[in-house]
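Now, the feature entries from TrEMBL:
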BINDING   Cys48, Cys53, Cys56, Cys78  [2Fe-2S] cluster 1 binding site
BINDING   Cys118, Cys121, Cys153, Cys155  [2Fe-2S] cluster 2 binding site
BINDING   Leu281, Ile282, Val283, Gly284, Asn285, Thr286, Glu287, Val288, Phe361, Asp384, Leu429, Lys447  FAD binding site
BINDING   Gln791, Phe822, Arg936  Mo-molybdopterin binding site
BINDING   Glu826, Phe938  substrate binding site
DOMAIN    9-96  domain '2Fe-2S ferredoxin-type'
DOMAIN    253-439  domain 'FAD-binding PCMH-type'
Amino acid sequence: MADTEDTCKILVFFVNGKKIQDPDIDPEITLLYYLRNKLKLCGTKLGCGEGGCGACTVMISKYHPQEENIRHYSVNSCLTPVASVHGLAVTTVEGIRSTRNKLHVVQERIAKAHGSQCGFCTPGMVMSMYTLLRNNPIPSMAQLEEYLTGNLCRCTGYRPILDGFRGLTSDGMVIEGCGRADCCKFLRDKPGVINVPNCPVNGINEDNNVLEENDISHILYENDFKPYDPSQEVIFPPELKVHPELQTQNLEYRGPRLIFYRPSTLQQLLKLKAQHPEARLIVGNTEVGVEVKYKNKLYPVLINPSNIHDLTAVKRLDSGLQIGASVTLSKIGQILREEIKERKEHQTRIFTAILEMLKWFAGKQIRNVAAIGGNIMTGSPISDLNPLLMAARATLTFCSKERGERKLLMDENFFTGYRKTIALNDEILLYVHIPYTSMDEYMYSYKQSRRRGDDVAIVNAGMKVIFRKENDAVQDIVLAFGGMGPTIVMATNTMKELTGMSWNSSLLERGLSLLLEDLPLSPSAPGGMTEYRRALALSFFFKYYLNVLRQLSLRMPDKVSPLAEEELRAIEEPEHMLPRSTQLFQKVPPSQSTVDPIGRPMIHTSALKQATGEAVYIDDMPHYENELYASFVYSSHAHAKIISIDESEALNVDGVVRFFCARDLAREKNRVSKDNVVFVQDVVTCVGQIIGMIVAKNQPTAQRAAKLVKIQYEDIKPLIITIQDAIREKSYFNKWTLYKGNTESALNTSAHVLEGEMHVGGQEHFYLETQAQLVVPSCEDGTMEIFSSTQNPTDMQEKVAHVLGVLKNRVICRVKRLGGGFGGKETKPPFVAMPLCIAAAELNCPVRIMLDRHEDMVLTGGRHPFLCKWKVGFSDQGILLAIDADLYANAGYSLDISHAVVQNAMFAMDNAYKCDNVKIIGYVCKTNLPSNTAFRGFGTPQSTIFAEDIISRIAAFLNANANVIRERNMYRTGDTTHSKEILERCTVRRCWDEVLDQASFHIRKTRVDTFNK
């Protein structure tokens, strides 16, 4: 964009009421980086860097002069370019309240309701709820759920968070019962509902008499908290109201590698696109931001069209809605709801299908900024909206400076390849036209993902049919599927063959057969699960057939028979129940001293600081004046010889200080244990091992330079990935045998013998705070001070002392708090800290690192995958007589503490069941994967599920109730376990009975069995 008088090159925005003016802005950095590193507002956290966890949530406020109102919306600051907030007001968790003054009600409630544990996600939770209250002072519980869809909590769980916030909603202001689903207050005396005796909350027995003793109590939150007062909120900056032109200014920011434009007219946009045909248009940056962060992409020119009226307007035409390409998904949802409310049902069936999909589309923060045009032009093969727009026969209007406008139908020809469309480089998407439907049109949307909300689709679909007037014969049908190829796939042959057929079982049978031909997936297709994905596509079509058939039966009952009861159940959507819960605590006797904390529901000491963003984690610590930042160079081959390392290109990057690798360390110091080194030197044994490290003046420079280090490999065989590979190659670190009795003899004399095997996969720790270290050298005696997020500071001290060649008392390891650990910060932190300590000692300056999420996941391993091959002997009554089991754990490339995990799994293999003859062999498998490590449960969850698998298989074989088999085999006081432990005061059976009773298990089981008949 040529320099003009109205082009602004100074970034102007407000943060927590304070005006920020920056004439030297780098448009490549995100709002999160700017807040944390320029403004030193570290309450906002970096969790994933791709808008998936919500730890970085902030509120953005924008004044709309035409409507004379202010809109508040939550965003992921980790994806938001700081250049895009020009003329806007940003509120972070520090801008609400702090512990130095009166807390905001949101901060108070999440802390006192025990909604904060590690606290790393808490500021994001607070900001999402705060944004909701600013938009709606008395929201509903459904709105609360919607606003929290983009926030993850790894350790606390969502129950106490929702409990704390519930009192701010219209649903929570009238408390009915204690919150338990089986609360006697609303179950008692209701017809058709079975009363639950012995209420664990108020102590009412089945005779409606209050029990004399009651050792359980619960919190009535509304007695403890002050109400929300919207009049006390921080005011919107008046300057932004007085000068609304800040929002419409042409912007041009030039950085070292990137130029950012924000034109204000369509003509300026078309001119820029003609000048820079390879430029990327961004609105929310939700796709480009991820590509830059994780795919190492660089887009030298970015254009933000969010202030161009033509692209942000929505017009209601006679034929449908014309939506500007820059309209956000949240705004689209709002407009579609208005249309559905105002128009006849048959006109808005496409809108209904789109709204249903939007409920499960990403999180609230993403929907607030992601635009419909970006979703289309990104061309993702698993896009949630594109199959629906194709099924709706949406019309797209493109425009270029040279050729003007042209209209394209969003059909099977629109996507030409993976993330490619037929749009020309100098064109921009102007409008999306979504038509109204007629009385004879029916459209539905479907999506299957690993979890219901805020997750990418495995398969999704949009399907629309048009019938001949007052007939059940198909005039036109569109079937579009995502997740079935490199692009959105339209089943064109199926569509053609079904046209003209009547909507009956013959059409269903023919359609299913044709879809198998239209939707081929090779076994090697990216994403895997090919047969499952094909089955999903067929099941979607089956549900669509039944949904349409039901509508036809209602409209033309004389021609189409109603659905059978089982068919209605097949299309019945599960009813969404608003969460209800209560927190139960031990009741403290009146005689207990007020200073005695035992049994009292006290909030932990950091909760209030976590809710206000004042709790300091490693990367929140102030930077030292001469501090450097480190970034690792990781192996990209699983098993290979290192031929050469060339760091020359990385060292030429401005701001890079030095490259470290095994050449800079004596071999004996580089070797930390038998199978672990600081820097891999000769042979890599998994992807993600540390080969080298770049040290630079700041984080972006270090990370960019690390990607420029060139390493040549020569692959080595065998490549061992799975447990089965290890068994085939006999690749084991060690094995142990644990036995009791004579298993072989007992198996030979057992009435029945079963054999089986079961595999349990691994699990990522996913602590919200990734591995983070700050090391500070001292001038005296080689002392090194380490600020670490470790669970094992002693191990850290020992390993660092070894590498530096100093006494252990010269290494000081400080641990203030962790943003989650779960075992993942037990043995792994030293391997992150040791390279930093080497650099800090050599350069005599502090060095810091905080791993990005993808680095952390590939470097640290997780829970051990297990395989159990078992043989069990049992009696006619299901009594266990003999168990012979082989346990295999995938340890990865190093032993770590896998030996302890496997041994613990062997000890826990009995679970709660007695067996006099047991033989268990545990194998620690050596593979070419990142080394797995400690994880909550430490082998017990895996072996427990193996034991339950054995019990379930016995029950199925005997055609018996599995719970009866469990009860017959449970330990009793005086029994001896397979590890020779004599059980005293064994309470297994008592606990089992209490769980069944409190959960009303038998009542629920009866209802389930009745439903499934």
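Even glycines carry a Cβ here, placed using N, Cα and C.
Looking only at the binding-site residues Cys48, Cys155, the densest Cβ neighbourhood within 10 Å occurs at Cys48. Cβ contacts within 10 Å of Phe361 (FAD binding site), excluding its own Cβ and spanning all protein chains shown: 22. The binding-site residues near Cys121 ([2Fe-2S] cluster 2 binding site), taking a 10 angstroms Cα-Cα threshold over the set Cys78, Asn285, Glu287, Gln791, Phe822, Arg936, amount to none. The Cα atom of Phe938 (substrate binding site) lies nearest to that of Cys118, taking the binding-site residues Cys56, Cys118, Leu429 as the candidates. For Arg936 (Mo-molybdopterin binding site), the nearest neighbour among the listed binding-site residues (Cys53, Cys56, Cys78, Glu287, Phe361), judged by C-alpha distance, is Cys53. Under a cutoff of 8 A between CB atoms, and with a sequence separation of 6+ in the same chain, the neighbours of Leu281 (FAD binding site) are Lys273, Leu302, Ile303, Asn304, Pro305, Gly373, Gly374, Met377, Ile428. Looking only at the binding-site residues Cys48, Cys56, Cys155, Gln791, Glu826, the one with its C-alpha closest to Glu287 (FAD binding site) is Cys48. For Cys155 ([2Fe-2S] cluster 2 binding site), the nearest of the binding-site residues by C-alpha distance turns out to be Cys53; the candidates were Cys53, Cys78, Gln791. Of the chain residues outside the [2Fe-2S] cluster 1 site list Cys48, Cys53, Cys56, Cys78, Leu32, Lys45, Leu46, Gly47, Gly49, Glu50, Gly51, Gly52, Gly54, Ala55, Asn76, Gly124, Arg853 have their Cβ within 8 Å of the site's Cβ mean position. Here the candidates are the binding-site residues Cys48, Cys78, Cys118, Phe822, Glu826. The one whose C-alpha lies nearest to that of Val283 (FAD binding site) is Cys78. DSSP states for the domain '2Fe-2S ferredoxin-type' (9-96), grouped as helix (H, G, I), strand (E, B) and coil, give 15 helix, 31 strand, 42 coil.
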